[in-house]
């Protein structure tokens, strides 16, 4: 009893003492070192505040006393962190990855086979067979697999040994110099002792093993991670059950150890038993097990299960466009017309206009797309090409008499005794009419100013500016002389005699001048130069002054190409520009005398012209050439111009608007004095963009008050007869076209007859469709007013509208596959084939990127220089197979069907493939039949030094080049392939690209892939 009382009193005393100490301590303020940041915990530790102090504990994935923490390398053990393939340690965690041909399982540790055949048939032309870690292409009966291991080649019963079905090679057959055959194996295989068969190694598809692979003399030997057992197939690994694991552990552990582990299991969980119940990583702590998950997974509320994080659910994974979730990670991708940048998240628009081959004329880039635009007088065909419009095929060009088509335009001509009306289409009687005022001529004035040759070109009317590409422009002044139907053209095209020329012979010549200025642009002259111009023009008595009048003068300025790297970086000096001048000069018949006949005068005139051209060349070289158009003076840009104002940043006839150069629109002209686009004054018009002046409207001066500013064509000048009307001069007052006639244009003096005694429903008809035909013709036909039947448009023409009396001729050198065509898209260019370049080039189906024509045959030849081989990349090819290989592309050594074949296909493949030629030269043929048509192909090639043959073949035969979608996009990216081919063709060009630029061009995975290949090639023994 006493002992019990003592114990009770002792407990009460201890409780009272403890309470007093706590009360006394309450008066002392506790400082939270963790909140104030005054603790000494490591950056990778957790700070926990305690009374009077704090406690440091290393974060999960780190170890130490909290004051010092170091990363735990989960991969640094014999189990590789539980990863069956590769374990990658990262700060505080780890991540499992799989070899090529495998994907990470949902547990984040195991690796499962990828079925490559499920996507686009693995890129195989015929049959795709999936295997563990890889896949294999096979061919149908009568074909054998080509060197690229994806496409199939038709077997030949005779001929070269490698083309014979009995060559006996398991993989690749190569010709020997003596005409025999030698066998080679694909990467990851070794040639057997019989020199024909190929033995699989662990370097290809992990040797067909799911987990571990070890090479042996007769092939790979597969093994499994300790948590798995090898399946009876000798390749696959299956997870062991818990009982088997416990049994194996018990047999390897002493009884004493088992007793200790059992006692500990009774008290708490441990990572030694069933991984502590953790789904992934387990760590023993003083309070029990702690479960954690690798990157890309999150721990669930039960504290044990790991669940894949769908990164795409949060801000689209940081991807610009598309996000695809994968086990433990995610992938970003882009829309068509965009490419993924090296950060593997951002998408950038592909600038299709970067390449000169994209469009014939103007290329306009849009986000994700582009558009080709043709110059005036041309129309688009084949999606990217521009062909001359044959305006004469469209209702005779609207000409009353005859029509002559020209490149980019057309001209109407009149019969003998008639004169062309101001509308340039109608013909009126020439007798009794006042002589038409000839357009003012171009005046070239050259003189000496301060000891230097200076030339000034003055043009008051008929000035035309055409802005080209790569800083180029063309200026024409005056009207070029063309012999009409009643004129006589001599055998020498530089002479023309005719009634309209007043029997004045013409001298035509062309000269080219070099300019030191690199950029072609017209710059407004400074005040000092304007004064010099006025002085030169007024000093008519100056003995050094040369005045020459030209009926027509054309100046085309072309900037010399700068040597650039393939991605646009300048590598050379500016080479200046060149000006090509075309002169048309009228001989002065008054100089003809008894002592000097016409031939003598011609020689004198030509001599004076040559002297003028020499002076002009000097003035251009010394930057002393100036022009006056529309009352404003211009000069060529100086070579050493230090600063440019906004007007000089743009081309001729353009202004700077919102950091973009835009051409002055139709109805306006560029006012050089004000530096802006101005409306054409009343009584003038301008029907083209980027011009420096406006043309005078035709018609009597009495119409001036009714005309408005900003006329975009002659019809907007005002006072003209409207469509469906006519008058004797084309101006008001007007009469309506009578019943049975029509007129689609303004300002005309006659109406067109419907023909065939056809009538219109009312007067004032505008088109032939207003004529009451006996049948209604559908598109692809025209109405014949003689037979009153619908006739199909002949081959080479088309008609998109109902009820027309003509068919439109196809543009340029195009034609249609058949008659009865209804659209210009059915006009196709059939040109193809030829001898290709020594280093790089393209093999392109005719009319590409438009559909290729039917019944066409193209042949190309590639003959590389000595000791060079051929590499070809087929980004994609579109050949319809509805007619059982009626359209095909074949590449072989020669035209002989028995020669060694490198590539052959008659199907559509959107997955790229790269391969080397099996022969040193290539004969390539594309053939289509009449059955169908498709987009075709554009196949780039490059020739390279044969010393790199082993490296190139190792790259193009490796399946990893095609396994990644990002890698496939590289083979389709014209800009990237151009850079690669540039280095392959000319290795010294490698030094044009810095390491940073290379990283910005190619994805990291692609750089790693190439680096491993190049390193093994350059250092084979390391």
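Note: Cβ is positioned from N, Cα and C throughout, glycine not excepted.
Sequence annotations record features per position, and here TrEMBL assigns disulfide bond to 353-363.
Marked as domain 'EGF-like' by TrEMBL: 30-70 (among others). Non-local neighbours of the domain 'EGF-like' (30-70) in the same chain are 91-93, 283, 290, 292; each lies 6+ residues outside the stretch with a CB under 8 Å from one of its CB atoms.
Here TrEMBL flags 113-149 (among others) as domain 'EGF-like'. Remote same-chain residues near the domain 'EGF-like' (113-149) are listed as 99-103, 155, 165, 171-172, 186, 204-210, 235-236, 901-905, 907, 909-911, 913-916, 918, 956-957, 959, 962-963 (criterion: CB distance under 8 Å, separation of at least six residues from the stretch ends).
Under the heading domain 'EGF-like', TrEMBL lists 349-387 (among others). Helix, strand and coil counts under DSSP for the domain 'EGF-like' (349-387) come to 3 helix, 18 strand, 18 coil.
Across the domain 'EGF-like' (388-428), the model assigns an average pLDDT of 91. Per TrEMBL, domain 'EGF-like' is recorded for 388-428 (among others).
What TrEMBL lists as domain 'CUB' is 832-944.
As annotated by TrEMBL, signal peptide applies to 1-26.
Secondary structure of the domain 'EGF-like' (113-149) per DSSP (helix as H, G, I; strand as E, B; remaining residues coil): 7 helix, 14 strand, 16 coil. Neighbour list (residue 363 (disulfide bond), Cβ cut-off 8 Å, at least 6 residues apart, same chain): 352, 353, 370, 371, 372, 373. In the domain 'EGF-like' (30-70), the DSSP tally of helix, strand and coil residues is 4 helix, 17 strand, 20 coil. Per DSSP, the secondary structure of the domain 'EGF-like' (388-428) breaks down as 7 helix, 16 strand, 18 coil.
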